[in-house]
Amino acid sequence: MAWTKYQLFLAGLMLTTGSINTLSAKWADMFSAPGCYGTKDHAFSHPFVQAVGMFLGELSCLVVFHILLCHDRRRPEPSMEPGQSFNPLLFLPPALCDMLGTSIMYIALNMTSASSFQMLRGAVIIFTGLLSVAFLGRRLQPSQWIGILVTILGLVVVGLADFVNGHGNDTHKLSEVITGDLLIIMAQIIVSVQMVLEEKFVYKHNVHPLKAVGTEGFFGFVILSLLLIPMFYIPVGSFADNPRQVLEDALDAFCQIGHKPLILLALLGNTVSIAFFNFAGISVTKEISATTRMVLDSLRTLVIWVVSLALGWEKFQGLQILGFIILLVGTALYNGLHKPLMDKLPCFPREQTAEEGDAPERERLLGGGKATQES
């Protein structure tokens, strides 16, 4: 069945804003400007400030939810289901995981390319699958186990591409690239813990997705904003790329923005895009399907890679293309995209669907609840 104009708009919005989200964050990292205290030009390296902006974008989903609810209630026949009441503190543990995982990923983005950053985030299905078996009692299908193994192979190929490219990389040292890649994979462990916590304690309460995203965004924004104060005084030596060598120098970030306002444009692009990406992703799942959402999320990785090449941010690597294709196959197998094709072949029996209750997990893995951050 052909898509309606509204469905095409939603798909385009999700693909565009999802790509802008990563590209704008990387764009901000590439700026240099003078800071406070009379310091000379230095790189804009403020991952925790960027994470605060991302949570502000998530928090805006809560505003959108109440606007949509208010508009729906004015109709003669309201159709929007607000969900049942719940204790907002249920979202605190997932929000803490979200905060930690997102901050680590923004640190990693400073060290590696935007395309590798996006591809390596595919590792989340490995840890989510394993944790769901261990803590949710879920039984994975054989195709899902194969998908996890294929994904591991894809990650190895992408990592190898970064290792080969790192020797001739003028932007990042090889040690930085390897550290960045490992941090991204480490962050996916935290993201998978977040997903398992959400499934075990939160989603059984039938919370509207926009409200869930907004509530997590509220906790993340408030807590991380307060943590910027002690971070201003915690010395971390050469690990920090700011003049005072502290964990985060928010004042230096604002001074750099004042000297180079384009940095603010990049940060606003990140904040606004995450809000629209979450809205579009949830709407695509509702109006089309969770499978379409997964395909669009994979296309987002391709768009980020092509734009990065076009802008000269990175060099062409054949190994990276191979790694992307392998990761795509692994994700497709894990999410059951092969099943419609296999069902048409008489020699292959249909897999048991007892575990098709995994749909909520897959939907969240594709971004339901948060564009993982996407970040």
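Backbone N, Cα and C define each Cβ position, glycine as well.
Note that the coordinates shown come from a computational prediction; the quantities given were computed from them, not determined experimentally.
What TrEMBL says about this one:
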{"type": "TRANSMEM", "residues": "48-69", "note": "transmembrane segment"}
{"type": "DOMAIN", "residues": "50-158", "note": "domain 'EamA'"}
{"type": "TRANSMEM", "residues": "89-108", "note": "transmembrane segment"}
{"type": "TRANSMEM", "residues": "120-138", "note": "transmembrane segment"}
{"type": "TRANSMEM", "residues": "145-165", "note": "transmembrane segment"}
{"type": "TRANSMEM", "residues": "177-197", "note": "transmembrane segment"}
{"type": "TRANSMEM", "residues": "218-236", "note": "transmembrane segment"}
{"type": "TRANSMEM", "residues": "262-282", "note": "transmembrane segment"}
{"type": "TRANSMEM", "residues": "294-313", "note": "transmembrane segment"}
{"type": "TRANSMEM", "residues": "319-337", "note": "transmembrane segment"}
{"type": "REGION", "residues": "352-375", "note": "region 'Disordered'"}
{"type": "COMPBIAS", "residues": "366-375", "note": "compositional bias 'Gly residues'"}
Any contact between the transmembrane segment (177-197) and the transmembrane segment (319-337), i.e. 3 or more CB pairs below 8 Å with pairs at least 6 residues apart?
no
Residues from the same chain, set at least six apart from the ends of the transmembrane segment (218-236), whose C-beta lies under 8 A from its own:
48-49, 51-52, 55-56, 58-59, 62, 91-92, 95-96, 98-99, 102-103, 245-251
Which whole-number mean pLDDT does the model give the domain 'EamA' (50-158)?
89
Quick one: find which recorded stretch in 48-69, 120-138, 262-282, 319-337 has the most Cβ pairs under 8 Å with the transmembrane segment (89-108).
48-69
Of the stretches 120-138, 145-165, 262-282, which racks up the most C-beta pairs under 8 Å with the transmembrane segment (319-337)?
145-165
Residue counts in helix (H, G, I), strand (E, B) and coil for the domain 'EamA' (50-158), per DSSP?
85 helix, 1 strand, 23 coil
